[in-house]
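Here the structure comes first, spelled out in structure tokens, and everything after it is commentary.
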Amino acid sequence: MPMTLGYWNTRGLTHSIRLLLEYTDSSYEEKRYVMGDAPNFDRSQWLSEKFNLGLDFPNLPYLIDGSHKVTQSNAILRYLGRKHNLCGETEEERIRVDTLENQVMDTRIQLMIVCCSPDFEKQKPEFLKAIPEKMKLYSEFLGKRPWFAGDKVTYVDFLAYDILDQYRMFEPKCLDAFPNLRDFLARFEGLKKISAYMKSSRFLPRPVFTKIAQWGTD
């Protein structure tokens, strides 16, 4: 029986999950909820089901895999990572995985806050100034490794790809000074399953955010 992934009809918090499901050749189907337009941003499609799915903490995204029902995007990624042995093999690798998972969430939230702010245009210049330092930290953490934990792909590579690609969309030149990050993105996109998925009709790179945001809604 295929797994069910539920989320808005956007990239949002599920891009890395979708990529990981494809990479692991998992059998899954999506329930994509549509949000209404301004000013009400009607969420009735989701709210009508929210408390009827048996979720401990009803939220989007959710993953239902038989008797396992998981919410919170990183919990879903960890679940899939454990299922497919993509959580790191040594203690050093697992530390790197845990560290990067949380760092990506910080970096994601920072972008979400500015993009969803009514003062987006005022805040954008200052935010752009801070991007090089953020990318420098990722570049130094990756170093000469092919993947962020080491020599093998782990689930945090899917998170890292997602956030670096989002920042690249937001500021196309932000990775120009970091060839190892550009190489990482190209290496990831070159993975056989990922490349095939990106060419398919299932691939959803945009919109990045729901309609309440000031950027990334097209």
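Yeah, the Cβs are placed from backbone N, Cα and C, and that goes for glycine too.
Taking the Cβ of Trp46 (glutathione binding site) as reference, residues of its chain lying under 8 Å away and at least six apart in sequence are, in sequence order, Trp8, Tyr33, Met35, Leu60. Summarising the annotation, Swiss-Prot assigns glutathione binding site to Tyr7, Trp8, Trp46, Leu47, Ser48, Glu49, Lys50, Asn59, Leu60, Gln72, Ser73.
Following the DSSP three-state reduction, the secondary structure of Lys50 (glutathione binding site) is helix. As annotated by Swiss-Prot, SUMO2 cross-link applies to Lys50 (among others), with the evidence given as similarity to another entry.
Taken from Swiss-Prot, the feature SUMO2 cross-link covers Lys69 (among others). A strand conformation is recorded for Lys69 (SUMO2 cross-link) in the three-state DSSP classification. Summarising the environment of Lys69 (SUMO2 cross-link), the number of other Cβ atoms within 10 Å of its Cβ, over all protein chains shown, is 16.
Residues or ranges marked as domain 'GST N-terminal' in Swiss-Prot: 2-88. In this model, the domain 'GST N-terminal' (2-88) carries an average pLDDT of 98.
What Swiss-Prot records for 90-208 is domain 'GST C-terminal'. The DSSP breakdown of the domain 'GST C-terminal' (90-208) into helical (H, G, I), extended (E, B) and coil residues amounts to 82 helix, 0 strand, 37 coil.
Using a 10 Å radius centred on the Cβ of Ser73 (glutathione binding site) and all shown protein chains, the other Cβ atoms total 23. The distance from the Cα of Lys50 (glutathione binding site) to the Cα of Lys69 (SUMO2 cross-link) comes to 13 Å.
Rounded to a whole number, the distance between the Cα atoms of Tyr7 (glutathione binding site) and Lys69 (SUMO2 cross-link) is 14 Å.
In this view, Leu60 (glutathione binding site) is surrounded by 20 other Cβ atoms within 10 Å of its Cβ, with every protein chain counted.
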